[in-house]
Amino acid sequence: MSELSDEASEPELLKRSLSMWHGLGAQGSPEELDVPLDLHTAASIGQHEVVKECVQRGELDLNKKNGGGWTALMYASYIGHDTIVHLLLEAGVSVNVPTPEGQTPLMLASSCGNESIAYFLLQQGAELEMKDIHGWTALFHCTSAGHQQMVKFLLESGANANVREPVYGYTPLMEAAASGHEIIVQYFLNHGVKVDTRDHSGATACMLARQFGHMKIVALMETHSPVLPKSLYRSPEKYEDLSSSDESWPVPQRQRPCRKKGLSIHEGPRALAKITAIGLGGKTQTTYEQVPPRGYVTFTSSDENTMESEGLCYRDVTSPINEQDVESSSSSSREEPTFCASLGPVWRSSSSDGLARAQGLSSEASIESNEDSDHARKSSVRKQTRSYLKNKSRHGNSDGHWPSSTGPASIPGSEPQTEKSPYSGPQDLATLLEQIGCLKYLQVFEEQDIDLRIFLTLTESDLKEIGITLFGPKRKMTSAIARWHSSARPPSDALELAYADRLETEMQELAIQLHKCCEEAEALRGQVSQEQELRAVVESCLLEQDSARKDIHAQLQEAQTLAQDAALVLDQLRACQAELSARLRQHHSPREGTPNPHFLSADSKGWPIPLQALSLPELSGALEDRVHEMGQALCSVTQSLEKLQMLNAKKWREP
């Protein structure tokens, strides 16, 4: 895993085959290496035929749990294998068997947004209001994960939107407001949930949204809730000010960890515990008792890493699903902001990097995931850090680790400012790299003659070009650069330099967006090229068909001309025959003009056998009959040719 780079994405890895090394000189037959899949593994990776075979045999207990406490239905519901879920439900598996954490298959499907699977489970009698050991229902799980359609589906299915988790008194609306899920909040408001419900600390959903900087949600909820008197907010134990202005909304006077986006289903109330770790009394806790969750192993930091001994390093080891194996990979690999709005930096990177630092090993194997939530998390951290520093400046608190932001609010004359604290950030590149655990890359930057000022202008593509190809260190550096531009004051007091630094940050974000747009444009160009090639092929086929049709049409016209000539000859023959018959009738009696039926018996060609025995009137009568038959046949041929020629005619002349 230490050789993985950012060029190997998860979908590409899933498409590749897995191989196993059996040692030097190990020779195994295909029969020995062909190990059959068990039911749980087959359900988790989508092997429908294997699961179907296990169900048809009837020898296995389909409700049996593995070592992690999960059933086959839980794996299929969590990952999203609809056909396997349907197969297991038809076999009669139990839909309400919980995991050791109390999570049912419906909760697992809701946490991943698998709406169709949730529908199947509810049809088979899954309990909609069943709670896990933390008091969370399926609606809580999909709300925390931000699955909009799943929330809408559960509300339409009759889920209780006013349910409260017992530890902190949160409702699903509070969870959505604190997480910044604006559309989900709109769903709850349209559903008619109670907006004035308070948690155990006295905060409403609107207060939580304001606290985490989600002002759109605040404005949305203010239209659905009555305006409270300001005296209620002026209480010493409440927030200072609840104005909707982005410039004046405060952060409570207490330490509160920065909220992470896209939480795992296993974190749940633990995340709420981090958010509401301190009451509303305005006192800041100086120390926190950090206990690793289940599935983690702690390591004591060495004496050399004294700077990093303040944080607790966790290490995830195996499965990204079961907590018995380890917490979800999407949660363990998220990186909390290093430069958080607190009295000091919070040192926590990816879990694998924490283990590497604790053991004094390389951190190249650290891989961070969830790129989509990383951008949203950094945006939330910027707002929280900016507002926190403004609030500290307003109250004269100068013991912050970072000074006020270099945005427009710091321009002289815009508002009264107190005495600025000296810049206490990293003074050189080595210090910054040491803080983020990438000091070993200092030599790479020194070879390229890159100092701190140049480093803070680098983008992700620049780092890759320099030689930083591993995903973990590269993400740490780009995150540190973005956090520095959003919260740190530049080493110079010149307004032009501050403005240039902010523009540089915006240019980096625009460059990322431009790169994505270029990739989309390139994909569209490829599609257009394929469309043009297909159009050229179709046009060539149409031209060939048109040429063949013209040839057939010419041949039909020629055949029709020949048929018309034959018809003209036939008309002349009829005229001659009529004249001959008229003359013969003048010299013979009517008895002799009647043909003898004995001589009209035709052979294979339709003519009488003894032609010499026929009298002239008999021969004339036979000739007249044959001419009539020839006329009918020629008429049919002519009409057939007309039908072939007039392919587009709606009505054809009947023969």
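Every residue, even glycine, has its Cβ placed from backbone N, Cα and C.
The feature coiled coil is assigned by Swiss-Prot to 500-575, with sequence analysis given as support. Taken from Swiss-Prot, the feature phosphoserine covers SER2, SER5, SER225, SER243, SER244, SER319, SER366, SER369, SER373, SER540 (among others). Residues or ranges marked as 3-hydroxyasparagine in Swiss-Prot (evidence: experimental evidence): ASN96. Annotation source Swiss-Prot lists phosphothreonine at THR318. What Swiss-Prot records for 314-426 is region 'Disordered'. The repeat 'ANK 1' annotation in Swiss-Prot covers 34-64. Look at Swiss-Prot and you will find 101-130 tagged as repeat 'ANK 3'. What Swiss-Prot lists as repeat 'ANK 5' is 168-197.
Neighbour density at the Cβ, taken as the number of other Cβ atoms within 10 Å, is lowest among the modified residues ASN96, SER540 for SER540. The average per-residue pLDDT of the prediction over the coiled coil (500-575) is 85, rounded to a whole number.
Annotated pair the residue listed as '3-hydroxyasparagine' and SER540 (phosphoserine), C-alpha to C-alpha distance, rounded: 61 Å. With helix defined as DSSP H, G or I and strand as E or B, the repeat 'ANK 5' (168-197) counts 18 helix, 0 strand, 12 coil. DSSP labels the residues of the repeat 'ANK 1' (34-64) in these numbers: 17 helix, 0 strand, 14 coil.
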